[in-house]
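Per TrEMBL, signal peptide is recorded for 1-20. According to TrEMBL, the ATP binding site annotation covers Gly102, Trp103, Thr104, Gly105, Thr106, Gly107, Lys108, Asn109. Residues or ranges marked as domain 'Torsin-1A C-terminal' by TrEMBL: 272-329.
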Amino acid sequence: MKLGRAALGLLLLAPLVVRAVEPISLGLALAGVLTGYIYPRLFCLFTECCGQKPSLSREALQKDLDSKLFGQHLAKKIILNAVSGFINNPKPKKPLTLSLHGWTGTGKNFVSKIIAENIYEGGLNSDYVHLFVATLHFPHASNITLYKDQLQLWIRGNVSACSRSIFIFDEMDKMHAGLIDAIKPFLDYYDLVDGVSYQKAIFIFLSNAGAERITDVALDFWRSGKQREEIKLKDIEHALSVSVFNNKNSGFWHSSLIDRNLIDYFVPFLPLEYKHLKMCIRVEMQSRGYEIDEDIISRVAEEMTFFPKEERVFSDKGCKTVFTKLDYYYDD
């Protein structure tokens, strides 16, 4: 603030001192003020800049998680503490690395979107948020060496341009084994890698791998008459990491990222129940401006399929398809 006032004062006084100062010297001084202080701040008023938000609002992130993510008490707590703590730490020792696991429709992609939106105004569309989809960007196993080189170059280039870059890897369960190990040096405890610091970057991995183990735990609690909110991270995390590490159909199969403990958090997303589907439908109705109709909410939720077949406890598609089913009832 003081520097801003000094800069403004220099601009106002310029006509008075112009005779006493060499024109070139004055021009350089003003240029220094403009480019070093005023211009970057004016520029960032009209376009998105790297690290535009110097800190993250824990309250805003919590509000988004509470109002948009349902049935995921473990994920909410981990994401809130991990992301807010990391962003507000001026000197992290390594990048934040999150691995999100669970069935389709449980909220993994949605959480990635929430994180991105709380760090950058553009969210997933920000120039500093990069999404990789395994089947789209790395389709051929025969090109794995090329993919490794391209991936390293892409990450190095983008972190060089913006230290607070976010990288999201979707469909990790479909990624070719060994490919993700190419980014291991960027996730480790190094101050610099080839002159570049990755310590403020964020890496998020999304995968269905380990979902069976998560479901087993959730089902055991349900059959024992316990509330799902009683499930603790310690009940799942270790078994989840081992399951993912040994899953031959996962991009993390025998990965050095797990072996070297470079994944900060394995975040389990529990399978969703009937009541959670109704919450998703209700929020979608509100977002479309519809009047809440509990009869339609119940009818949409009842159209979903559930498992196990006999007990019908969990939705097999989570909330993923409830939005399209809602269209049926409001089709003009």
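In case you wondered, yes, glycine gets a Cβ from its N, Cα and C as well.
Note: Gly105 (ATP binding site) has non-local neighbours Leu272, Ser315, Lys317, Gly318, Cys319, Lys320, Thr321, i.e. same-chain residues 6+ apart with C-beta under 8 A of its own C-beta.
Sequence-distant neighbours of Thr104 (ATP binding site) (same chain, 6+ residues apart, CB-CB distance under 8 A): Asn208, Lys317, Gly318, Lys320. Those residues of the chain, other than Gly102, Trp103, Thr104, Gly105, Thr106, Gly107, Lys108, Asn109, with a C-beta within 8 angstroms of the mean position of the ATP site C-beta atoms are Phe110, Asn208, Phe269, Gly318, Lys320. Within the same chain, the residues at least 6 positions away from Thr106 (ATP binding site) whose Cβ sits under 8 Å from its Cβ are Gly71, Gln72, Phe269, Leu270, Pro271, Leu272, Gly318, Cys319, listed in sequence order.
Mapped onto DSSP classes, the domain 'Torsin-1A C-terminal' (272-329) shows 32 helix, 4 strand, 22 coil. In sequence order, Leu69, Phe70, Gln72, Ala75, Phe269, Gly318, Cys319 are the residues near Gly107 (ATP binding site), counting only same-chain partners six or more apart with C-beta under 8 A.
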